[in-house]
Amino acid sequence: MINIVDATPDEKLRVLSTLSIPARLELAVDIMQRQVQTAQGGGRLVDVTKSNNNTPSGGIDMERLRKLQQEAILRRGGGAFGIGGVPPGLGGPGQGNDDGENEVEELKKRLDDANLTPEAQKVATRELARLQKMNPAQAEYQVCRNYLENLAEIPWTRMTEDRLDAATLARARKQLDDDHYGLEKIKKRLLEYLAVLKLKQAVNSDLDAQIKRIEDRAEVAKKAEDGQQKKAEGKGKAENQLGQSEEEMKLLNRKKMVDKSPILLLVGPPGTGKTSLAKSVATSLGRKFHRISLGGVRDEAEIRGHRRTYVAAMPGLIISGLKKVGVANPVFLLDEIDKLGMANFHGDPSAAMLEVLDPEQNSAFVDHYVNIPIDLSKVLFIATANSLDTIPPPLLDRLETISLPGYTTLEKRHIASRHLLPKQIATNGLQPDAVKLGDGVLDKIIAGYTREAGVRNLERELGSVCRAKAVEFAEAKDDGALERYHAEVLLADLEKVLGVEKFDEEIAEQSARPGVVTGLVAYSSGGQGSILFIEVADMPGNGRVQLTGKLGDVLKESVEVALTWVKAHAFELGLAPDPAEDIMKSRAIHVHCPAGAIPKDGPSAGLAHTIALVSLFSGKSVPPHIAMTGEVSLRGKVTPVGGIKEKLIGALRAGVKTVLLPVGNRKDVKDLPEEVQGGLRIEFVGHIWEAMRHVWPDSHWPGERHWHEFESRL
């Protein structure tokens, strides 16, 4: 019985500790009688409150009943009713309490200051009315309060004023140049955006001035109407003027130019400055910056938010970012958008980004939590990615892609001397003139200790050099012999500071032999390229072809295409006395690509394989300073390939002098740094015969004069 009545733990223990049965029953009866009195008091209290009479019937002592009721609530811990153990209707904070009213008034004031849109204002008014009727002890009260607070924190109309004066473009260009070396494409695009924004603002300012003049004229007409005598003709004339003014203002408002920020995608290998570039853009525009990391996001609700019906629901990353910056036109960095999770049972996050990144739709983006259209068209979205392969096509179609290729050695040297080295010197507590690295030392660090498209590892190596010099400086200072300290870092010091070189320099072969050709390769990690030797040897056999060097299927097929073309044109090449003779009937060949532990694939070595086979069968050596790349077809056409900048940078670093490229890649050479264009002789070829003419200019091929005719027949 004690378990089912409202008894305190002390009372229950006292009953259990009483060994005498009569005494235990007496204690239980007392507790139960008190419970009955409390229940009766509560029932009478309900009857009294429902009565319209001021004095309750039956002579009930209201004060005593209220005390009994409050004692029962306090014994229960106060959780059954309101805060502080006071039941609703007896002064609870939800009904008439000053604190509750002040909280609602404060929320109302914050919502008024937020300049909500008409639709948001309608929702906020409805939710405020609900909140006023609720008891703070209800779970829904806190949910409703949190929702209204989120509405008040969203920057519906608050903007950062763009600094678009006469020096805007010059200031932005200087800011971008100071922060980043090179990257001309992205700088040009951002300056274009600023110029357009400035022109639109000028047009809108003129329209606003015209609207203001019309409003002033309408105000004068309205005052004149008020002062008119009650003459029908005078009143009608004033009304016509007001109507015309309204139509003119509507027309001018429609002419206003709407600003839609571009949605940019910076694609490039790690360490090329994509994230820091976005910060620099925000600085040059004078806008607030917010970074959203999308790597590993696998739940659609993280983008669109959770619905309010869920416990601990909250807005998504986009709306949370707007709340944090407090303005409606910030710069948002969507970092690692290519690492965004694919569709799963939690939804498709990449599909949720479609509305965010569509300039035609994001003016009315709806977050599941807020459930009100929010304008994202003023936000400048800059996304970053290392690869386009994992970005869904519908999402990629909405982005303006700008590629950031890897840096050349010259670009890395400039970046190291102007940005990285001063930063590391300051980080390690040294004076600006305490460490000096010449161009030769920087080039050695870049080539021998780092091999990357970006500059992250280069910055680490420079940090190691600065720390070593910091130790030398501290020891010399402690010994009182600062004259022994030398700020200059020599080539001989690098091995002592950084250890043995991590990478060997790739140098083109100095001697030539038949069957060996220098090809070009671009690494799949992006931003890097190098030379690749292709070796072909023959031996007695029955036409078998052996391929080694961990070659992929596409690369193997390109060898087969090259061999087929050579066999089909053996007579024109002077390799067979009879067009019907098979040059492979009594021999076997072995094609090998060194560095056998590294997987290799792709069609771009087709030209190099063809020239290597011709070299082997004809006994003519390929000059070692010539490298080539390009895909070949069965008709002998040389078709364009990718990774041209990376391949040419690798060729220049390896000491190659002449490079053969497909004619279709002529457009890719125009954007190359001057260092590469000046250091290489680039020849464009459209057919294998044309390539052979560049490789062996003094040689004569029996069928060379007819290759144009063969092409035309096909």
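Please read every residue number as a count from 1 along the shown chain.
Quick reminder: no glycine exception, Cβ is built from N, Cα and C everywhere.
Unlike curated entries, TrEMBL annotations are predicted automatically.
In TrEMBL this protein carries:
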- Ser604: active site (ACT_SITE)
- Lys647: active site (ACT_SITE)
- Gly268, Pro269, Pro270, Gly271, Thr272, Gly273, Lys274, Thr275: ATP binding site (BINDING)
- 222-238: compositional bias 'Basic and acidic residues' (COMPBIAS)
- 511-698: domain 'Lon proteolytic' (DOMAIN)
- 222-243: region 'Disordered' (REGION)
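Of the binding-site residues Pro269, Pro270, Pro269 has the largest number of other Cβ atoms within 10 Å of its own Cβ. The separation of Gly268 (ATP binding site) from Ser604 (active site), Cα to Cα, is 21 Å. According to its DSSP assignment, Pro270 (ATP binding site) is coil. For Lys274 (ATP binding site), the same-chain residues lying six or more positions away in sequence with a CB closer than 8 A to its CB are Leu266, Gly268, Thr384, Leu404. Taking Pro269, Gly271, Thr272 as the binding-site residues under consideration, the smallest Cα distance to Lys647 (active site) is found for Pro269. In the shown protein chains, 23 other C-beta atoms lie within 10 A of the C-beta of Gly273 (ATP binding site). Counting every protein chain shown, the number of other Cβ atoms lying within 10 Å of the Cβ of Thr275 (ATP binding site) is 15. When each of the binding-site residues Gly268, Gly271 is scored by how many other Cβ atoms sit within 10 Å of its Cβ, Gly271 comes out lowest. Over the domain 'Lon proteolytic' (511-698) the predicted model carries a mean pLDDT of 89. Here the Cβ of Thr272 (ATP binding site) has 28 other Cβ atoms within 10 Å, regardless of which shown protein chain they belong to. Each of Leu266, Thr384, Asn386, Leu404, Ala453, Gly454 belongs to the same chain as Gly268, Pro269, Pro270, Gly271, Thr272, Gly273, Lys274, Thr275, is absent from that list, and has a C-beta within 8 angstroms of the C-beta centroid marking the ATP site.
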